[in-house]
């Protein structure tokens, strides 16, 4: 993704643009400094998240012990910065605690080998061993009365367990945001545990909170993957576009400065430096509030809130109105006689300014689409500025963007029409079939997970007004496809997936969309056991029952990748009828024993 190097100078061209927010005096004790800055409550939470994200299998009690040891050290260092171990880096402090665990080798295997390395290589090694799909049971929410009793009995331990359980399942969860969600969780419990019907109060509120927190986790995973796989500049390019859309009245200098500082914040959190990340995030929010008159009047609604809510509020702000009377982009970037001169003298700055100007005028475009346009503009200038008549060569460059714009617009139109025709569940099934045919080598659980997530784009985005659909759809799909890429990178099985995931961050979605059925795939043998069901399926919650049916659908496609939609629809219909019949029978198991083999035979006959 070489094109994103054009952002480099943009964030380096003047130290004035990055002065102020993160310029701190050197501290004798880093841990004392961070403890003082973030406060004891947030310090304890961030240390717990740090250990939970590194050591995903350890019991909570073991983490609580480590957190106490680190907190006691921090307090000792606040009292006397010259005390023993107070001059250690935070990586040294956390890494030494991890490496001192007697059970490290037995529980984590190769992670123990990291302890033979010195910092910073040791921390990089720990990061490499974070598991995006840990072998942990699904998080089960207790009954309302049990939940409220645990909350009232020991509030501190209750929220410690919450941070621990979420962090170890999501090792890249944006730590300051996880503290925010814990705060929201507390507010819900405080209200609902006093209600007459606790369950009726808790369930919808906790469902909504869980949904938002899962999206937040996936968004941060994309940021971290972007930084880890494509470098800081890839994230800076993304942030430049998004902030230019959100704050179109802010000037280029302000946007550049915020981008630089925001990149530092996310790089720290992605690198496991959660105390620094939370501290710097608070400083950035403070800076933006101090300069709200030049950035956005919308900031006013956020800036009087406590720090966790303030930063969350700023992140969630809607786009400002585009300023009236902006000149056409073509004036500076096509018609100006010095386009090539400006480009060649300061390529990064000039192209960064182009992205800023184009993005602030197009809140109706997705971030990745705008980055594709930046890529196309750069390629045109690179070619044309080497010719005898550059202007004649690049005069139509903005018109040449149209196919790049039309492609995602058509994708959104077609898929939203399909969603409206099929509804949630059947739309997911259509995507299941589509993606199983594209990349049948991917494991069935991953295909089910990803296709269900892709299918949610319908309910999430298709009901939006036309102007909001494209950014909603494409930016959501970027997050979901990143999950596929992250899981596939650990256990690669498909060259097509590797290619789409590795070549270009902004072209991932078009790459996957362009994939046709894999004609090289050797179909799986028919396994009757895969399609054999028992009475226990009848007692499963509706969501889990749907997942069982979708798992069977993926296996059908892997067995018969050339099956028509009508054939698959027939088999799925027969399967649904079997469930309805046997789950209504008096002797459910006997029904499945008799009717199940009939389904297997009829399915084989239907599919040929």
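Cβ coordinates are placed from backbone N, Cα and C, and glycine is handled just like the others.
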- Task: Taking Swiss-Prot at its word that 268, 273, 276 bind Ca(2+) 1, choose the one of 30, 519, 525 listed for that site.
- Result: 30
- Item | Swiss-Prot Ca(2+) 2 site partner of 279, 283, selected from 37, 507, 518, 536 | 37
- Task: Let me know which member of 91, 128, 129, 152 Swiss-Prot also records as binding Zn(2+) at the site of 271, 273.
- Result: 91
- Note on the structure: Among the disulfide-bonded residues listed as 86, 384, 485, within 10 angstroms of residue 30 (Ca(2+) 1 binding site) by C-alpha we get 86
- Note on the structure: The recorded positions listed are 148, 229, 273, 297, 384; by CA-CA distance, the one closest to residue 114 (disulfide bond) is 273
- Around the Cβ of residue 86 (disulfide bond), how many other Cβ atoms lie within 10 Å? Please give the count over every shown protein chain. 20
- What same-chain residues, at least 6 away in sequence, bring their CB to under 8 Å of the CB of residue 588 (N6-succinyllysine)? 535, 538, 582
- Note on the structure: Taking all protein chains shown into account, the Cβ-based neighbour count within 10 Å for residue 500 (disulfide bond) is 25
- Task: Using the structure shown, find which entry in 77, 99 (the disulfide-bonded residues) has the sparsest Cβ neighbourhood within 10 Å.
- Result: 99
